[in-house]
Structure formats: C-alpha cells, structure tokens
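*Asks:* The structure's right below; bear with me while I get my questions together.
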Amino acid sequence: MASALPITPTDPDPSFAELLAGRPHLSMHALDGLMVEGVPLHRVAALAGTPTWVTSAGALRRRARALKAALAAAGLQAGIHYAVKANTGLAVLRVLAAEGLGADVVSEGELRAARAAGIPAAAIVFSGVGKTERELRLALAEDIAQINVESAEEVEMLSALATTLGRVARVALRVNPDVDAKTHAKITTGRSENKFGVAIDDAPALYARMAALPGLEPVGVATHIGSQITSGMAAYRAAYVRLAELVQALRLAGLPVKHVDCGGGLGIPYRDEPAPSPEALAGAIKATLGGLGLPVMLEPGRWIAGPPGLLLASVVLQKQGAARRFLVLDAAMNDLVRPAMYEAWHGILPVSPVDFVAPVGPADVVGPVCETGDTFARGRAMPSLSPGALVAFLDAGAYGAAMSSTYNMRPLAAEVLVDGDRFAVVRERQSYAALLGDQRLPDWLTE
Ligand SMILES: *Cc1c(COP(=O)(O)O)cnc(C)c1O
C-alpha cells in the first residue's frame with residue numbers, strides 16, 4: 001500500500017545529480033534539459049505526448065554486452081535468454097535479438113512476440129507452471145529450443161502431445177531448490193511452498209521418467225529462485241550447489257544432461273541500494289556449476305530491460321493540500337504499478353533544466369486514478385512544478401509497460417525507442433476506438 005511508504009525515508013533520497021550520475025544513457029543539457037542518449041525528452045513529448053515509455057537502445061545493448069562479457073571472463077560457455085515478460089515491446093526484443101540474445105517466454109503471446117521480433121525458434125525457451133495444451137502445441141510446431149517442465153503431470157501431458165504430433169520436445173526439468181528465504185525475503189519462487197518447479201528430491205525419478213517416455217528428450221535442469229535479488233550471491237550459490245549435486249546424481253544414473261539453466265532474478269539499484277554485478281553472478285555460477293563442464297543458460301529480465309527505460313509524464317497541476325503538497329501527473333498506477341503494488345521506489349527527475357536546479361521541498365507525487373494507492377512517492381524532494389512540466393520516472397523499463405492496464409478507462413501509453421540521436425514511436429498510444437472496440441452490447445439490451 002502506498003500509505004505504508006515512509007514519509008521521511010531513513011536515509012536522504014539521492015539527489016537529482018546523484019541519480020543522473022549512475023545512469024550513463026541520461027544527461028542534463030543546459031538548454032535542452034534531460035536527454036536520453038542524443039534525444040531531448042521535450043522533443044519526445046512534443047511528438048508522442050505523455051505519458052510515454054522511453055527506452056534507450058544503447059543502454060539495452062550496453063547491458064547485454066556487459067552480461068555476455070562477465071560470463072565470458074569467468075570462462076563460462078553461456079547462452080542468454082532474455083525473460084520477455086519484463087518488457088514485451090517488439091523494438092526491445094529486436095535490439096536484444098541483434099545482440100544475439102534468445103528469449104525466455106511464459107505464454108503464447110510472448111512466444112509470438114519473440115518470433116515476430118525475429119528471435120529464432122532455436123533460441124527460445126518456454127517456462128511456466130501452467131502452459132496450456134494450445135501453448136505446448138505451438139511450442140512443438142515451432143520446434144523451440146527447450147520447454148522447461150515444472151511437474152510430473154506436465155511431463156506426461158507433453159509426452160502424449162508430442163507423440164501425437166510426431167515431434168520430440170527438448171525438455172529441461174525446473175527444480176525448486178528450497179533455498180532459505182528467511183534472510184532473503186524477496187526470494188519468493190525458490191521455496192518449497194511456492195508453486196514453481198518440482199522438489200529437488202523428486203527430480204531424479206522424474207528425470208528418469210522423462211528419458212523413458214516417448215516424445216521427450218531431456219536436455220538439462222533449470223531453476224529460477226526469484227526476482228530483484230539484491231542481497232548478494234548467497235541464495236544463488238545455495239541453489240546452484242544443489243543443482244550441481246542433482247546433475248552429478250543424474251549422471252551417475254546414466255542420464256544425459258547437456259546444460260544447466262540458471263534462471264534470472266539479478267536485481268538492480270532503483271534508489272541507491274547495493275546490487276550485485278553480473279561479474280558476481282558469473283563468479284557464483286563458475287564456483288558452483290563450473291566443475292560440471294557444461295554450458296549454462298541465463299534468463300535475465302529486469303537486469304537487462306529495467307535501467308534502459310523511463311516513463312515520461314506531465315504535471316497536470318500542483319495542489320496545495322491542508323497538510324501536504326501534491327504533484328498530480330497524467331501518468332498513474334495503471335501505467336506504472338510498481339509503487340502501488342510493491343511499494344517500489346523510482347527516481348523522479350524534472351526534465352526542464354530550470355526545474356532541475358530549482359529549490360526542492362517535500363511533495364507527494366500522485367496520479368489521477370481514484371485510489372489512494374495511486375501514489376508514486378510520498379514526501380519526495382521536488383521543485384515547484386507548473387502544469388505541463390515534464391518529469392521522468394527512472395528504471396521503469398522492466399515490469400513497467402508490461403504490467404500496465406487500462407484501469408479507469410485510461411488508454412495504454414505510447415512507447416518510444418531512442419537510438420543515438422534518432423527516435424521513433426514504436427507503439428502508438430492506444431486509441432479510444434481500440435479501448436472501446438472489443439466490447440459488445442447483447443441484442444436484448446439494445447432492442
Ligand atoms: C520472471 C522470470 C525470469 C526473469 O526474472 P528477472 O527478475 O526479471 O530477471 C526468468 N526466468 C523465469 C522462469 C521467470 O519466471
């Protein structure tokens with residue numbers, strides 16, 4: 001709940017200049033104001049209006065390359081499958097595809113998006129605890145690289161389906177390593193009570209079953225222990241040690257294991273919290289799984305797509321309440337839900353060079369939606385802003401646009417890609433015709 005956000009944070013918030021310093025694709029220009037790469041955000045607003053999602057192609061590329069370099073420097077043979085759910089934009093997928101990244105998808109829609117963006121089927125992994133028969137049929141028809149199976153029931157279903165279709169599904173078994181979340185409260189998918197994967201103790205028997213069944217080719221084991229992991233490498237190491245033990249047990253039983261899928265979850269600093277580096281993750285993988293001599297796979301979402309994206313919004317008005325000052329924006333929780341949903345902190349920068357250096361005082365930054373939870377920040381140090389002033393929510397590229405809704409009948413925001421000094425609208429703002437167009441009134445109400 002946004003009302004639980006601290007009014008006065010324990011540590012002072014980072015200053016605007018400090019927020020800029022850690023984000024090399026952003027800069028403040030004395031005349032043009034806040035820029036993404038070579039593009040002033042006021043030009044983006046003039047073209048596309050607000051609210052608009054803005055993604056830096058350069059930052060996407062830089063992060064993909066940094067991750068590849070860290071894995072290579074650790075001596076790992078690694079394939080990166082970007083977790084599409086973090087940002088499903090076709091332009092984002094296209095940039096990452098050109099960097100040689102594959103895709104980790106969790107639905108038919110994501111599989112279609114990855115293919116539409118030019119990611120080859122041979123570079124696509126399908127994850128998820130409840131893939132439907134229709135989704136599995138499509139995955140088999142496309143002959144994607146790998147399906148990560150998550151239950152004995154799914155193994156049987158997929159074997160039958162593949163046999164019927166005359167296909168062989170390459171399958172990896174997702175295991176739940178039951179890593180201790182007590183000291184890592186945000187690790188929520190790798191505990192035994194979570195719905196994901198099969199218990200690691202059940203994995204050897206199920207893997208043997210996969211090898212025996214027709215229509216399946218077991219190729220490895222997989223895990224994914226959670227998201228926004230910033231607590232260091234302890235949880236990763238604990239999970240990967242268990243995975244390495246499992247692989248050794250499978251090998252002893254004469255079962256083939258071709259690679260290990262290490263999942264995603266690498267966290268990013270939204271405020272100024274310490275966050276692990278790709279080098280740390282590569283080191284943890286090398287130390288725990290390196291001895292197996294197998295290629296590994298990674299499924300990062302947030303780490304790749306989060307920092308390159310921002311949400312550009314306009315001030316509707318500044319309202320002086322009885323006790324507090326409110327900055328009311330034209331963006332709302334239906335666009336960026338993370339503050340309302342996770343009490344997430346996002347940096348908010350004024351775009352105008354004058355506003356950027358103006359005196360600041362505490363303000364609640366809110367949207368117009370009819371929910372108290374539609375609060376982006378409380379007591380944030382912000383200048384006085386006039387109607388129409390632009391602000392940018394930082395690090396909004398992952399789980400931003402992808403989680404947005406049309407609540408309050410608000411159209412989905414436009415999306416813009418910036419690449420050097422070029423930019424283009426890559427998703428039109430949803431029209432009211434589209435927003436209303438799927439609805440039908442039954443005859444008996446209109447007679
Ligand atoms: C969500 C998800 C990811 C990506 O998680 P991030 O925290 O964005 O890196 C990777 N693998 C699976 C199976 C997921 O469900």
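Glycine is treated like the rest: Cβ placed from N, Cα and C.
Predicted automatically and left uncurated, TrEMBL annotations should be read as such.
Here's the feature list from TrEMBL:
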type    : residues                                       : note
DOMAIN  : 59-305                                         : domain 'Orn/DAP/Arg decarboxylase 2 N-terminal'
MOD_RES : Lys85                                          : N6-(pyridoxal phosphate)lysine
BINDING : Gly265, Glu299, Pro300, Gly301, Arg302, Tyr399 : pyridoxal 5'-phosphate binding site
BINDING : Arg302, Arg338, Tyr342, Glu371, Tyr399         : substrate binding site
DOMAIN  : 309-397                                        : domain 'Orn/DAP/Arg decarboxylase 2 C-terminal'
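Please go over these features one by one and say how buried each is and what sits next to it.
*Replies:* Mean pLDDT for the domain 'Orn/DAP/Arg decarboxylase 2 N-terminal' (59-305) in the predicted structure: 94.
Lys85 (N6-(pyridoxal phosphate)lysine) has a Cβ environment of 22 other Cβ atoms inside 10 Å.
The Cβ neighbour count for Arg302 (pyridoxal 5'-phosphate binding site), using a 10 Å radius over every protein chain in view, is 23. DSSP assigns Arg302 (pyridoxal 5'-phosphate binding site) to a helix in the three-state reduction.
Residue counts of the domain 'Orn/DAP/Arg decarboxylase 2 C-terminal' (309-397) by helix, strand and coil are 10 helix, 40 strand, 39 coil (DSSP-based).
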*Asks:* I'd like to confirm something. Which of the recorded positions, Lys85, Tyr342, Glu371, has a Cα closest to the Cα of Pro300 (pyridoxal 5'-phosphate binding site)?
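*Replies:* The smallest Cα gap between Pro300 (pyridoxal 5'-phosphate binding site) and any of the recorded positions is with Lys85.
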*Asks:* Quick one: largest C-alpha distance among Gly265, Glu299, Pro300, Gly301, Arg302, Tyr399, binding pyridoxal 5'-phosphate per the record, in angstrom?
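*Replies:* Site span for pyridoxal 5'-phosphate, by Cα atoms: 15 Å.
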*Asks:* Which of the binding-site residues Arg338, Tyr342, Glu371, Tyr399 have a Cβ less than 6 Å from any atom of ligand 1?
*Replies:* none
*Asks:* Taking DSSP three-state, what's Lys85 (N6-(pyridoxal phosphate)lysine) in: helix, strand or coil?
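*Replies:* The three-state answer is helix.
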*Asks:* Give the residue from the binding-site residues Gly265, Pro300, Gly301 that has the most other Cβ atoms within 10 Å of its Cβ, counting over every protein chain displayed.
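*Replies:* Highest number of other Cβ atoms within 10 Å: Gly265.
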*Asks:* Can you grab the distance from Glu299 (pyridoxal 5'-phosphate binding site) over to Lys85 (N6-(pyridoxal phosphate)lysine)? Cα atoms, rounded to a whole Å.
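*Replies:* Cα-Cα, rounded: 11 Å.
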